[in-house]
Amino acid sequence: MTVDLAVAWLGIQMDNPLINASGVMCRTVEELEALRHSAAGALITKSCTLEPRKGNPEPRYASTALGSINSMGLPNAGYRYYLDYARRYDHEHDKPLLMSVSGMSLEDNLEMMAAFDEAALPVLVELNLSCPNLPGKPQIGYDFEASARLLAEVSKVYRRPFGVKLPPYFDPVHFGEMADVLDGCPSIGFVTCINSIGNGLVIDLERESVVIRPKDGLGGIGGDYVLPTALANVREFARRLPGRHVIGCGGIRSGREAFMHILAGATVVQVGTCLYEEGPACLTRIRDELVCLMQDKGYRTLADFRGCLRTL
Ligand code: RRO
């Protein structure tokens, strides 16, 4: 049986559902070009700020047996750099381009979103409400009123559908509160679940030490650790926001986890820690594994099983 991984959503066409997670392999034009030449179905830029940032002191990423911890601190080349890349991008002939925006304040977010609106490019913007690694700055996605205010203001200056990258939630009441906020914002076309689980602590037993320098070792956790939390967030938001798309992100390192995210309701999926560890070749592997798994199960398209998770 021939499997077709193609997916069309919010006006874009992808050959397969795989995208890099923002932050991984997407800070420089060289990295973005490597992703463009990879098996990814689309690519997304590193979260950008108004001005370039060096980010937090190193070491700021460490891999562990079950995943990763990072406290990068939003190192990026400033939004103009990514906007220039998007202006030069061959949108007509190449895979879709998504752009992540993560302003340090409401004003910064509005200025960047107004610039993206003005540029009128066929890109999808993912507004990051969940960077866990800025000392003294809580994740806005955990403040429902502030999130609602931000989305209302952004919708005034950015006139196309856009998405938000959410932090993980751990309680049904919180799923409901955030879903209400998003439901109240007609501009929201998609939600990406989840960002890293914020402020975990990895300890090196031999050295009796933390493994990254910023925030005395606290950082965002990704990889295998986060898969069940990511799946819960994907399923809950997909269920609560019919008509909007969910991008699944968290713990995908083979075709199996990609399948699980889609079964839970994801339209497309992002790969973070695995891409960081293995490089872009993992996207070919994950894509091919997803094809094999679908063949084994007798599914021809993603729509045949998307959101079809059974309960007992
Ligand atoms: O740059 C980072 O430290 C970072 C960001 Br903006 C984010 O959204 N998630 C993450 O794990 N790290």
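The chain as shown is numbered from 1 upward.
Even glycines carry a Cβ here, placed using N, Cα and C.
Any TrEMBL annotation is an automated prediction that lacks curation.
What TrEMBL says about this one:
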- Cys131: active site, nucleophile (ACT_SITE)
- Ser22, Lys46, Ser47, Asn128, Lys165, Ile194, Gly223, Gly250, Gly251, Gly272, Thr273: FMN binding site (BINDING)
- Lys46, Asn70, Ser71, Met72, Gly73, Leu74, Asn128, Asn195, Ser196: substrate binding site (BINDING)
- 5-292: domain 'Dihydroorotate dehydrogenase catalytic' (DOMAIN)
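For Ser71 (substrate binding site), the spatially nearest entry among the recorded positions Ser47, Cys131, Lys165, Gly251 is Cys131, judged by CA separation. Of all Cβ atoms in the protein chains displayed, 28 besides its own lie within 10 Å of the Cβ of Thr273 (FMN binding site). Annotated pair Gly251 (FMN binding site) and Ser196 (substrate binding site), C-alpha to C-alpha distance, rounded: 10 Å. In this structure, the binding-site residues Gly73, Gly223, Gly251 were compared by how many other Cβ atoms lie within 10 Å of their Cβ, and the smallest count belongs to Gly73. Ligand 1 lies under 6 Å from the Cβ of none of the binding-site residues Ser22, Lys46, Gly223, Gly251, Thr273.
In the three-state DSSP scheme, Gly223 (FMN binding site) is classed as strand. Look at Lys165 (FMN binding site): DSSP puts it in a strand. Here Lys46 (substrate binding site) is positioned 5 angstrom away from Ser22 (FMN binding site), judged by their C-alpha atoms.
Long-range Cβ contacts of Lys46 (substrate binding site) within its own chain (separation 6+, distance under 8 Å): Ser22, Gly23, Cys26, Arg27, Pro75, Asn76, Ala77, Tyr82, Ser100.
Excluding Lys46, Asn70, Ser71, Met72, Gly73, Leu74, Asn128, Asn195, Ser196 themselves, the residues of that chain whose CB lies within 8 A of the CB mean position for the substrate site are, in sequence, Gly23, Ser47, Cys131, Pro132, Asn133, Gly220.
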